[in-house]
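Asks: Structure below; questions to follow.
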């Protein structure tokens, strides 16, 4: 039986490897003629990729490119990732050449994360097609294509939207999109906007786009992307792709789960802001006061921010009392628990959790929908503001805390100023009391789960992608 080899290259960073691994596992399960090599480009910041994200699966292997500290010299906030990927092209070329020379497989193509699309140059050298694996939402992809087309055909400069109250008509959204929820990189005049839209052009030039979404969540955006009159390659919505295995088994996780077991059903507000999420001391105190005022039970994942001069992951607090209001832990001990790192999927899956205050990262959004837990939107960076807009305005699946919040105010908005006690408290109260949001999320839960099983739209889309890989020529 001949084997077709796919080379996956995820972007560096904690959130990119797991969905890549899950997609690879899904493809291998569906077609035993496939094999996958995942090339991991390691960053020098923070811990290495968790080994839990690397299962022992037949026909799946990982090749690490060691951390190269010389890449620290490439730092520029909005263009670093592009330079980082370019820097790794020679190593990727050597790895792929080794695969071809040592294995009796047919190299079928590259599957590239958005920021890794320049690696399509390497794929072209080997005469194989490139596919994009878009791990954010379909609506965001549509916005990228829209702004890229306007730049290339109309000379449109998206950076002029900085500080603007303009609303944009974007085909992948039903409602006008406020400029204030655009990702900061779109507004960056120092190379970030150009890099972002150049990546959109690269994606448009690919042979196909795998999107971690589904009709149940983003029907409108997916219909636009698949309308066949916009110069966009075939789109394969295969989501939600999630790691549903809660393998973490340690004393801290056990303690968290025991505490949740003692809480009434749907009574707990879970606050968690992703692998890079943290706040300054003033904002932490505002959150604490809001939680206490709301009176709701809570589980709060609280991380220490890193110094501004360093680029690394947030750390654990050694003493929570140093950052929380005096007496907070004692006063709330009967209804709440403050933790460091959180086993997010295990928490969201627990029946006692009734709401999720989230940064709206796409992985977290999909996990929340899968578990049927309503969200309160508090985005921090990247495309999370767009995700918040999608959830709050487009779909009605989330309450708003502050949709246009940014941790970095370089783009010129005041969205990075502290969110007030009142905003947070109002968001939590709406999150836990709005029956309409809860019912909508329950409906999406059922439909998104149906999408990935046999007979579902995403299940069918995976099959179409495998067929495409088998037949496509560059």
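Each Cβ is built from the backbone N, Cα and C atoms, and glycine gets one as well.
What you are looking at is a predicted structure, and each value in this text was computed from that prediction instead of being measured.
What Swiss-Prot records for this protein is below:
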- 275, 341-342, 359-367, 381-384: UDP-alpha-D-glucose binding site (BINDING)
Asks: I need the most crowded of these binding-site residues: 275, 364. Count other C-beta atoms within 10 angstroms of each C-beta and give me the top one.
Replies: 364
Asks: Using a 10 angstroms cut-off on Cβ to Cβ distances, just flag whichever of 362, 381 is the loneliest among these binding-site residues.
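Replies: Candidates: the binding-site residues 362, 381. Fewest Cβ atoms within 10 Å: 381.
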Asks: So which one is it: of the binding-site residues 360, 366, which has the fewest other Cβ atoms within 10 Å?
Replies: 366
Asks: Could you check what DSSP calls residue 366 (UDP-alpha-D-glucose binding site) once collapsed to helix, strand or coil?
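Replies: Where residue 366 (UDP-alpha-D-glucose binding site) sits, the three-state DSSP reduction gives helix.
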Asks: Look up residue 342 (UDP-alpha-D-glucose binding site) in the DSSP assignment and report helix, strand or coil.
Replies: coil
Asks: What is the Cβ neighbour count of residue 383 (UDP-alpha-D-glucose binding site) at a 10 Å cut-off, with all protein chains included?
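Replies: Summing over all protein chains shown, residue 383 (UDP-alpha-D-glucose binding site) has 27 other Cβ atoms within 10 Å.
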